Amino acid sequence: METNKDITRLGLTGSFVIYIPAAILMYCLTKYLIPYLSNVTGQETILFWFIVAGLGIFLPLIITGLLILKSEGYTISRKTWIERLRFRKITKRDIVWTLAGLIVVGLLSGLIMKGLELLSGKFDHSPAFMSFEPLTKGRYWFLIVWLPYWILNILGEEFLWRGVMLPRQEIAFGKYTWLVHGFGWSLFHIAFGWQLLITLIPLIFIQSYIVQRRKNSWIGVIMHGGLNGPSFIAICFGLI
């Protein structure tokens, strides 16, 4: 039965008890399991990234979030969704902040990529387990596998990080929450390699700041999904 008790603070220890195992899980699955499955089957690693990450990384994030909510005395309901998880109606100001955030993230990430290329030469912007050639005839079915993965990816991260954890972290860290939150989110992506991780820094910290400031988790969904999804589609068709 749902209760209306106030949520409790989530400090450094509690936060990183979640961030660190999630980062280790991501690292182990991408370092060992995905290459192994690719070698055994002869299929592209990106296919197993969709399957393994969707079911082995992002689905567990959703389950973790549900268990935390249950421990707090909440059930999944419209009230919980809006008041506890802060998936609220998007306002005009939310839209302005979201669009501004996307523009700034795009500009800063582009500058970082160019800077890295000047310093270290051309490099693959995707980690090895995500690398693939633009789709050709006979490979368009990858999009069918990608779609549920993409939904689990965005839902899993935004549900746990922004919906479940961020409101509790705000009680502990106040106006500096986005810095702690962003650092933990960065740690989760450490398996991506340092070059890609650096290019993700603008999204990670700017999105964390805007979601905290506006107190609306849908902003995270729009920013994260709005960059992640279209970027993949563009790569699929050789546009970038």
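Backbone N, Cα and C atoms are what each Cβ position is placed from, and that goes for glycine too.
According to TrEMBL, the feature transmembrane segment maps to 12-34 (among others). Within the chain carrying the transmembrane segment (12-34), a Cβ under 8 angstroms from the stretch's Cβ atoms is held by residues 45, 48-49, 52-53, 56-57, 60-61, 64, 127, 129, 160, 165, 168-169, 172, 180-181, 184-185, 187-191, all 6 or more beyond its ends.
Outside the transmembrane segment (46-69), and at least 6 residues removed from its termini, the chain residues within Cβ reach (under 8 Å) are 18, 22, 25-26, 29-30, 33-34, 37-38, 75-76, 80, 84, 129-132, 142, 145-146, 148-149, 152-153, 155-157, 159-160, 163-165. Residues or ranges marked as transmembrane segment in TrEMBL: 46-69 (among others).
Under the heading transmembrane segment, TrEMBL lists 95-113 (among others). Outside the transmembrane segment (95-113) by six or more residues, the chain places 125, 198-203, 206-207, 210, 213-214, 219, 222-223, 226-227 with a CB less than 8 A from a CB of the stretch.
According to TrEMBL, the feature transmembrane segment maps to 140-161 (among others).
Annotated domain 'CAAX prenyl protease 2/Lysostaphin resistance protein A-like' per TrEMBL: 141-228, in sequence order. The helix, strand and coil residue counts that DSSP assigns across the domain 'CAAX prenyl protease 2/Lysostaphin resistance protein A-like' (141-228) are 83 helix, 0 strand, 5 coil.
Marked as transmembrane segment by TrEMBL: 182-206 (among others). For the transmembrane segment (182-206), same-chain residues at least 6 beyond its ends with a Cβ under 8 Å from one of its own Cβ atoms are 15-16, 18-20, 22-23, 26-27, 30-31, 101, 104-105, 108-109, 112-113, 116, 120, 123, 125-127, 157, 161, 223-224, 227.
For 218-239 (among others), the entry in TrEMBL reads transmembrane segment. Residues 87-88, 90, 94, 97-98, 101-102, 105-106, 126, 132, 134-135, 142-143, 146, 150, 153-155, 157-158, 161-162, 203, 207, 210-211 of the same chain lie 6 or more positions beyond the ends of the transmembrane segment (218-239) yet place their CB under 8 Å from a CB of it.
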